[in-house]
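Engineer: Have a look at this one before I ask anything.
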Amino acid sequence: MNFLLTEGQREFRAELRSWLQKNLPENWRNGRFVEPLTEAGRGEALRKWERKLYEAGYAGLHWPKEYGGHGQTLTEHFIFGEESGRVAAPEGINPIGRELVAGMLLHAGSEEQKTRLLPRIAACDDIWCQGFSEPNAGSDLTSLKTRAVQRDGMWIVTGQKIWTSYAQHADMCLLLVRTSTEKKNYQGLTLMAVPMTSPGITRRGMQQLDGTWDFNEVFFDEVAVPPENVLGPVGEGWAVSGAVLAIERATTRLYRQQRYLNELQHAYRIAKRRRPNIDESDLARQQIAEAYSQLLVLRALNVRFVGKIVAGEKVGSEASILKQCWSHFHQNSTGIIADLLGEDHWFPEEDSLGSERFMPVYFHSRAETIFAGTSEIQKDIIAERLLDLPRTR
């Protein structure tokens with residue numbers, strides 16, 4: 001792909017870069033809130049940031065104007081991701097809504113659903129969570145047990161979801177349920193948009209070892225969902241959710257490469273201040289070059305996929321290649337950062353050169369080969385659907 005920006009796109013990048021430099025939250029530095037916030041305070045601060053982006057015209061860049069967007073292309077969305085990553089801007093509170101739900105609605109939603117739901121996502125009036133994984137259905141989503149049955153003109157949902165990010169803040173849930181029992185597990189699944197204030201929904205936070213609260217359990221006890229909230233055809237949720245997962249792996253959070261590069265550069269500057277002769281280390285130079293090269297490869301892959309989508313081509317299973325790369329490359333780069341920073345990485349003091357706290361980033365990267373589809377699942381997809389190798393099971 002010849003990825004040359006138009007004059008208008010170059011102007012857009014320059015204007016966006018200037019706006020971001022002037023408008024980052026006051027309590028934000030190096031990709032984190034400087035002063036710790038409560039979970040509710042963090043959610044409100046991130047919602048405020050997303051609304052600020054919306055008011056400035058940077059939300060829903062590539063969505064049609066009639067649905068609250070700006071009618072631009074995925075290229076502008078890619079530019080926004082790069083520039084946000086460059087300054088380590090907040091990721092926001094609604095990536096599920098902005099990226100997954102919006103992409104799914106544009107792909108398979110009805111006209112009424114697009115008109116009703118997309119503008120509220122753009123303005124961050126509705127925060128979304130994703131109800132896919134269950135205690136016994138993680139990598140194998142076709143084993144899910146959450147059921148929906150029709151009663152008195154409504155769908156009645158009963159079941160449990162787990163590892164549900166953003167559920168503590170969510171107004172809506174993108175919920176995958178079983179609406180019928182078929183011979184093949186992937187049949188009989190349906191996607192629904194469920195208001196999180198519906199009677200019968202219970203949320204329970206899952207506090208992590210570091211005290212943070214990123215995941216939740218969500219319980220559905222006879223929750224009534226109107227038929228107009230069914231997304232896509234009844235019983236074809238697996239095909240629609242497959243499109244959602246492809247979107248998640250290929251186009252969501254296009255800032256990854258630039259954000260990871262930002263982390264590496266920032267860590268190098270800290271290490272250089274602490275060890276002025278670090279450039280004389282063959283090992284350090286080799287490690288930095290390795291991580292930098294991998295991040296350049298990741299950007300090239302991003303550009304390739306953006307180009308294919310802008311050209312109207314389907315990505316499909318190829319998205320698994322990108323997911324494999326960004327998750328493993330980030331694990332490698334955070335490991336190199338740990339080596340560069342040494343004890344400052346693991347035991348940072350308030351006044352130390354490493355007090356920017358890279359450790360949470362390191363631990364989060366360990367999970368990146370698990371969420372959004374495990375590496376093992378991605379390898380199976382690549383082998384069977386792209387390389388046409390025989391199934392292993």
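From the backbone N, Cα and C atoms, a Cβ is placed for every residue, glycine too.
The following feature annotations were taken from TrEMBL:
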DOMAIN    6-123  domain 'Acyl-CoA dehydrogenase/oxidase N-terminal'
DOMAIN    129-223  domain 'Acyl-CoA oxidase/dehydrogenase middle'
DOMAIN    235-387  domain 'Acyl-CoA dehydrogenase/oxidase C-terminal'
Engineer: Residue counts in helix (H, G, I), strand (E, B) and coil for the domain 'Acyl-CoA oxidase/dehydrogenase middle' (129-223), per DSSP?
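Structural biologist: Grouping H, G, I as helix and E, B as strand yields 3 helix, 47 strand, 45 coil.
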Engineer: By DSSP, how many residues in the domain 'Acyl-CoA dehydrogenase/oxidase N-terminal' (6-123) are helix, how many strand, and how many coil?
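Structural biologist: Helix (H, G, I), strand (E, B), coil: 76 helix, 4 strand, 38 coil.
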